[in-house]
């Protein structure tokens with residue numbers, strides 16, 4: 001029978017979380033400020049991806065090679081089984097999530113929306129068919145699907161009421177961009193790496209501490225590397241979030257190509273305006289388990305088709321402040337930065 005409270009796992013999680021908070025509050029903003037504007041979008045994505053992969057590979061190398069004697073004696077099979085379990089659970093989630101989304105959000109086909117999605121997909125050169133569905137909820141849109149279910153673009157009925165045709169095409173273009181860029185599969189791949197490091201680290205520490213001779217060099221080294229793996233797993237998670245934000249910029253380029261930069265900006269600005277005019281609805285989206293898929297993960301408004309946005313309001317939003325700390329822990333960049341990015345975009 002498994003214990004309700006695991007002090008080893010809790011202590012390691014707390015340590016990793018504290019280190020992550022310190023890095024996010026003290027170090028990450030300074031690093032972001034120092035490298036801002038030094039890389040193109042493609043360069044930033046490539047650099048972040050390389051950092052994620054190399055950091056993960058290095059820590060696994062430490063456990064596999066540096067602590068090999070201890071692992072050979074105390075549990076190679078268990079640790080490899082743990083990695084397999086983490087990967088398997090993520091694959092099951094990836095396969096099941098489209099079915100869950102269809103049920104959870106009441107996804108239903110819409111012929112008019114399908115025509116728009118088909119037109120935008122053709123404009124962007126999509127080589128595959130994308131199913132269009134309308135779902136319930138606050139104004140939002142998201143892309144999902146896999147090799148079993150096919151590809152979907154979901155738009156809430158309130159988003160249809162909020163946007164005009166060009167703005168809707170920009171939003172749909174953003175979501176089709178996620179499909180073209182294979183972001184669902186890519187984020188699944190990168191998202192599993194912190195989990196592998198975390199469970200690998202916890203398992204290593206547990207094996208070291210449960211050894212009958214846990215004071216020898218091998219087991220002490222295994223425990224030290226295990227603690228390092230847990231801490232690094234939280235830092236890699238910050239890199240994965242940064243990579244996700246970069247992919248959102250990348251999807252915005254598809255939205256701009258589909259309907260123009262101005263339409264993309266007006267659509268984002270309308271969502272932003274809803275956010276500030278309806279703070280009471282924040283919990284609806286911020287607590288949603290699928291919020292990472294949304295075009296705007298923090299949108300929290302109920303649709304009002306009579307809300308409009310002017311160019312002067314967009315310029316004001318571009319200059320508005322935002323929490324750097326909140327951005328670091330978010331899957332999506334803040335709207336002011338996305339609007340400024342679109343200004344600089346050459347299409």
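Placement of Cβ uses the backbone N, Cα and C atoms for every residue, glycine included.
For the Zn(2+) site that Swiss-Prot gives as 174, 178, the extra residue drawn from 115, 248 is 248. Of the listed segments 122-142, 143-163, 185-205, Swiss-Prot assigns transmembrane segment to 185-205.
Looking at 221-241, 263-283, the range annotated in Swiss-Prot as transmembrane segment turns out to be 221-241. For the pair residue 175 (active site) and residue 248 (Zn(2+) binding site), the Cα-Cα distance reads 10 Å. Sorting the binding-site residues 174, 178 by the number of other Cβ atoms within 10 Å puts 174 first. Between the candidate recorded positions, 175, 248, the densest Cβ environment within 10 Å is the one around 175.
Long-range contacts of the transmembrane segment (8-28) within its own chain (CB-CB distance under 8 A, at least 6 residues past either end) are made by residues 198, 201-202, 205-206, 209, 226-227, 230-231, 233-235, 237-238, 325, 328-329. Below 8 angstroms of C-beta separation, residues 12-13, 15-17, 19-20, 23-24, 28, 48, 51-52, 55-56, 59, 62-63, 66-67, 70-71, 74, 187, 190-191, 193-198, 200-209, 214, 328-331 of the same chain, each at least six residues beyond the ends of the transmembrane segment (221-241), sit close to that stretch.
Residues 63, 146, 148, 184-185, 188, 191-192, 195-196, 199-200, 203-204, 207 of the same chain, all 6+ positions outside the transmembrane segment (76-96), place their C-beta atoms under 8 angstroms from a C-beta of that stretch.
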